[in-house]
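Residues annotated as transmembrane segment in TrEMBL: 20-43, 55-80, 92-114, 126-148, 168-190, 211-233, 239-258. Residues annotated as domain 'DUF6534' in TrEMBL: 174-263.
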Amino acid sequence: MSAPQTLPPIPAHIETLTGPLVVGELLGTYLFGILTVQFYLYHLNFPNDAKWIKYLVCSIFTLDLASIVMCIADSWHWFASGYGNIIFLNDIWLSAFDTPMLGAFIAAIVQCFYCHRIWTLNKYTLPICILVSMLAVAQIIAGIYGAVVGHRARTFAAAGPKVRAATWVVNIGAAVADVLIMVTMSILLLRSRVRTNHARTDFIVRRIINLTVETNLLSSTLAVLTVILLVGVPNTNYFTAPSILLGRIYSNSLLLILNNRKYMSSDNVVSDAGTESFHTSTRKTALTFTTLAQTDDRSDGEDRYQLTESRVDGTLDDGNSNSVDIR
């Protein structure tokens, strides 16, 4: 009868290995719950969206669903099946695929979506769009490479040095792309804001700028934080917490931008300064500003989506047969 296997001793500071994984998995599950609600609201409020936008949303949700399922499987492997066994805790299991690879795919898709919006707003931004697209492709390649190499290495200790370069490419590429998107979108929208002289238009522009800056700033911060923790605190898993969250931040950002159209096209819009309200009984509204501006005037049963660099066009019926043309 063989002797029972002797397990390696538990490290003195085990929380530096387990804590970030627990925090990352819990917050990631919470963000997926938010994404699920946003996904439901999108299909509820925008059934007539263009097919490519619907496919985009479904693809993002499917990738995030696959990622969260693998994250849950990882948690079960580390903390349930392998409870008290440091060998299980050091096993990469499925984490090489759910975080670097699927996260890179989600980030790249969202960044390319922003590129499409930027290019349609202003054709002269093509070089910036090409640069962001190249960074997105580089993230995908690095994510796949990191997943394959990490899975073959089997343990975090063995995989760390081998996937360091791929981790740098994924996260630094994401941060640079996000900053480029944020700055370019803000400049284009600020120019459009200067050219308009209508309070509702000004409110919509400010709203889009705020969302663009907030979402891209958050994702770029998480990407930079991942690199800082990877380099600054070696031999720990601190870097895994922001890394796990990054993909879900991107997917939630996309759905937030899409669902925000419901708020911006609502009948009652109050400016963020609290000084002006618009109460309209709107029968016909055409907002021409972003790729996602929805036209409610449908003679053919289809929604229309247009983009323009410099204005938001709309015809609002105030209930007294007086139309106001927003220019």
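The chain as shown is numbered from 1 upward.
Heads up, the Cβ atoms here are built off N, Cα and C, so glycines get one too.
According to DSSP, the secondary structure content of the domain 'DUF6534' (174-263) in residues is 80 helix, 0 strand, 10 coil.
By the Cβ criterion (under 8 Å, sequence separation of 6 or more), the transmembrane segment (20-43) is in contact with the transmembrane segment (239-258), since 3+ such pairs are found. When each of 55-80, 92-114, 239-258 is checked for Cβ pairs under 8 Å to the transmembrane segment (211-233), 239-258 comes out on top.
Sequence-distant neighbours of the transmembrane segment (239-258) (same chain, 6+ residues past either end, Cβ-Cβ under 8 Å): 20-21, 23-25, 27-28, 31-32, 34-35, 38-39, 42, 46, 53, 56-57, 60-61, 63-64, 67-68, 71, 95, 99-100, 102-104, 106-107, 110, 113, 167, 171, 174, 211, 215-216, 218-219, 222-223, 225-227, 229-230, 233, 292.
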